[in-house]
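Quick look at what TrEMBL lists:
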COMPBIAS  151-162  compositional bias 'Low complexity'
COMPBIAS  169-198  compositional bias 'Low complexity'
COMPBIAS  207-219  compositional bias 'Low complexity'
DOMAIN    23-145  domain 'NlpC/P60'
REGION    150-219  region 'Disordered'
SIGNAL    1-23  signal peptide
Amino acid sequence: MRKTVVSLLIAGLLAMGTGAAHAQEGTPLMTVVNDLYGVPYKSSGTTKKGFDCSGFTRYVFDALGVDLPHNSSSQYQVGQPVSRKDLQPGDLVFFKTNGRSISHVGIYIGNDTFVHSESGRGVVNTKLSDPYYWSKRYVGAKRIAAPALQAKATDTPPAKKAVQAASLPEAQPEQQAKAPEAAQPEQQPGQQAAAAAETPVETHTVPQPEQQPEAQPSK
C-alpha cells in the first residue's frame, strides 16, 4: 500500500511541467494553450515550429485578440500590476532568470501553475511555488485587458481575421444618396395655353400655280 502511495506521489510530481494537468479547461485561453503543449523551445521563435518565452505568450494573446511586444521586459511594461495572492488565469508572470532584469515570462492558468516555453523543455506547465528555482526568481505579474479572458468555457477564441477587422476604422458609405430632382410645378390650363401660343409651330406652305395674264380680245 505504501509503495502505491509513493508511486502516485512521484507520478504527480512528474506530471508538473508536462502539460498533463491544468486549470480552466474549455475556456478560450486553455483552448489555445492546449494546442501548444509540446512545441519545442526555439530562440526568438514565434510560431508553432518553436517558441521562446515571450514568443509563446505573444502567440497566445494574439489568438485572444491582444497584440503584445516580443520581449519579456517589454511585456512587463504593459497591463496592470497584480499581487501574487490575487493572480487569475491569463495573468502574465515574470521572472529574473539572469539575476539582473526581467528575462522570462509565462501565463498563469490557476492552481499555482503557469504555462511557459522553457529552454530545453518547450511549452510546459510549472508550479509557481517551485522552491528550487521559479519561486526564488519571481518578480511580479501583470493583467492584460482581454475580453476573451473573461469568456466562459463554452466560448471560443475570436478569429484572428475578425480581430484585425475590428481594429480598422468603420467603413464609410460608398456614395451618398443623390438628392431627388426638384419637381416642376404643375401648369394651370391658362398657362398651358399661353405656353402653347409661345411655342413656334412648324408649317408647310403649299405653292399656288402662277396665274397667267388674261388674253386681250383681238381687234
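Cβ coordinates come from backbone N, Cα and C, glycine included.
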| request: Please spell out the DSSP helix, strand and coil residue counts for the domain 'NlpC/P60' (23-145). | output: 29 helix, 37 strand, 57 coil
| message | Across the domain 'NlpC/P60' (23-145), what does the mean pLDDT come to, as a whole number? | response | 96
